[in-house]
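Visitor: Grabbed the feature section from TrEMBL, which reads as follows:
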- 1-21: signal peptide (SIGNAL)
- 27-154: domain 'CAND6/7 N-terminal' (DOMAIN)
- 174-414: domain 'GOST seven transmembrane' (DOMAIN)
- 176-196: transmembrane segment (TRANSMEM)
- 203-221: transmembrane segment (TRANSMEM)
- 241-267: transmembrane segment (TRANSMEM)
- 279-297: transmembrane segment (TRANSMEM)
- 309-331: transmembrane segment (TRANSMEM)
- 359-377: transmembrane segment (TRANSMEM)
- 383-403: transmembrane segment (TRANSMEM)
Amino acid sequence: MSLPLLLLLLTILSSAALSAAEIRSTETRSDARPLILLDEFGFTHRGQLELNVTHLSLSGSTPEPPELSKLGFFLCTIDAWAHVLQQIDDAQINCVLQSDAIKRVFTFDQLPTTTAGAFNFSYAESSADQYTLIFANCIPQLKVSMNVRSAMYNLEGGRSNRRDYLSAGRTILPRVYFLLSLIYFIMAAFWINVLYKKRPTVFGIHFFMLAVVLLKALNLLCEAEDKSYIKRTGSAHGWDVLFYIFSFLKGITLFTLIVLIGTGWSFLKPYLHDKEKKVLMIVIPLQVIANIAQVVIDETGPFGQDWMAWKQVFLLVDVVCCCAVLFPIVWSIKNLREAAKTDGKAAVNLMKLTLFRQYYIVVICYIYFTRVVVYGLETITSYKYFWTSVVAGELATLAFYAFTGYKFRPEVHNPYFVIDEEEEEAAVEQLKLEDEFEL
């Protein structure tokens with residue numbers, strides 16, 4: 001096995017944010033890859049792995065009967081790869097299955113002579129750590145075909161010995177998502193009460209905000225049920241479909257809301273300019289692509305040959321969407337700066353400009369935290385505390401929703417125009433200072 005292939009595998013393992021493990025079924029047909037990633041799981045000291053392999057066949061032009069000990073399944077941690085790479089580099093081994101740094105689960109020389117292309121195997125892992133299940137083929141030109149059903153789980157303590165199909169560090173997620181969904185439902189109820197009490201000052205954007213909060217609450221509720229079923233049975237039982245539907249609707253409505261607020265729609269004008277409509281025409285299809293990529297990533301796992309390509313598509317589309325929603329805010333800031341110098345309403349325009357600036361900064365902070373900081377937490381945090389990065393991202397989202405609702409809540413005065421005499425005088429002075437500075 002070549003060093004570049006091992007380096008590539010190490011890169012994938014260290015950068016991929018995998019979905020929660022569950023019972024997975026993999027079909028491999030005439031595959032000559034030296035390494036096939038199957039799944040990743042965080043074991044406790046009572047970890048279990050069950051393998052069911054069917055329709056097993058070997059093909060290819062090999063000069064002699066294949067050495068079956070060079071074919072098999074193994075578990076490995078990211079840290080163990082450093083030792084494996086050193087052994088390969090020092091020519092101590094020529095196959096990863098020969099390394100003492102890995103946990104060999106099953107090699108094909110253990111196959112009974114009576115097997116008919118199918119076998120079952122159970123493996124107990126008592127060393128708690130984050131492991132990746134991999135199939136290794138160290139025989140060049142040999143192609144492997146098989147169906148693999150893998151189930152990794154931890155046994156809970158006590159006499160029940162119930163199976164927990166969620167990785168260690170994720171097992172608490174059903175309760176986290178359910179609690180967060182309750183918070184959003186309470187937030188929605190509070191927002192409905194605000195809209196009812198201040199009916200004369202309610203704009204269309206306020207109802208759109210309510211829809212965004214409700215979709216977020218339903219998304220979290222479905223995710224809680226999805227993870228709960230996986231935890232108990234290893235399968236989502238259809239809850240993943242509802243989760244993907246509400247995730248798609250939540251993503252589209254949230255990005256649309258940011259664009260609408262950034263343009264001042266409903267508050268300042270009942271229409272959108274052509275270039276603002278074009279932004280929405282870009283964001284919505286990109287969200288469709290992002291959600292398709294997310295479904296493929298979650299459902300196929302890292303073993304798919306196109307998994308990494310879909311992962312890159314998702315990240316690229318997400319970054320483009322985040323950048324696109326900032327343009328309307330930038331355009332509004334530019335227009336208000338020009339209007340503040342020409343229409344004689346310096347104070348009011350400066351107040352609107354200040355609000356747009358605040359929202360622009362908050363949107364950037366929200367995007368940066370949920371896309372960069374949270375990913376950093378996933379990378380540096382131990383697998384046992386994976387849930388902390390999820391909580392951090394969800395709390396940042398909750399804070400963003402709360403800020404948006406507070407700043408643009410229904411009031412007698414339009415939030416873009418709220419300004420008193422002292423602020424007006426200060427605004428005029430600030431404009432004068434900015435003009436002098438520019439001159």
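Here the Cβ of each residue, glycine as well, is placed from N, Cα and C on the backbone.
Whatever TrEMBL says is automated annotation, not expert-curated.
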Visitor: When you check the transmembrane segment (383-403) against the transmembrane segment (241-267), do you get at least 3 Cβ pairs under 8 Å, counting only pairs 6 or more apart in sequence?
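Guide: Judged by the Cβ rule, the two regions do not touch, with the required three close pairs absent.
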Visitor: State the residues, same chain only, that lie 6 or more residues beyond the ends of the transmembrane segment (203-221) and have a CB under 8 A from a CB inside it; answer 'none' if no residue qualifies.
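Guide: Contacts of the transmembrane segment (203-221) (Cβ under 8 Å, skipping residues fewer than 6 from its ends): 177-178, 180-181, 184-185, 187-188, 191-192, 195, 243, 246-247, 249-250, 253-254, 256-257, 260-261, 265-267, 394, 397, 401, 404-405, 408-410.
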Visitor: Please average pLDDT over the domain 'CAND6/7 N-terminal' (27-154) for the predicted structure.
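Guide: Summing pLDDT over the domain 'CAND6/7 N-terminal' (27-154) and dividing by its length gives 87.
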Visitor: Using Cβ atoms and a strict cutoff of less than 8 Å, what residues sit near the transmembrane segment (279-297) while being 6 or more residues removed from its termini?
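Guide: Tertiary neighbours of the transmembrane segment (279-297) are 19, 244, 247-248, 251-252, 255-256, 259, 272, 304, 306-307, 310-311, 313-314, 317-318, 320-321, 324-325, 327-328.
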Visitor: Same-chain Cβ contacts of the transmembrane segment (241-267) under 8 Å, 6 or more residues past its ends?
Guide: 203-206, 208-209, 211-212, 215-216, 218-219, 222-223, 225-226, 273, 276, 279-280, 283-284, 287-288, 290-291, 294-295, 321, 325-326, 328-329, 331-332, 352, 356, 359-360, 363, 404, 408, 414-416
Visitor: With DSSP as the yardstick, break the domain 'CAND6/7 N-terminal' (27-154) down into helix, strand and coil residue counts.
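Guide: Counts, helix then strand then coil: 19 helix, 66 strand, 43 coil.
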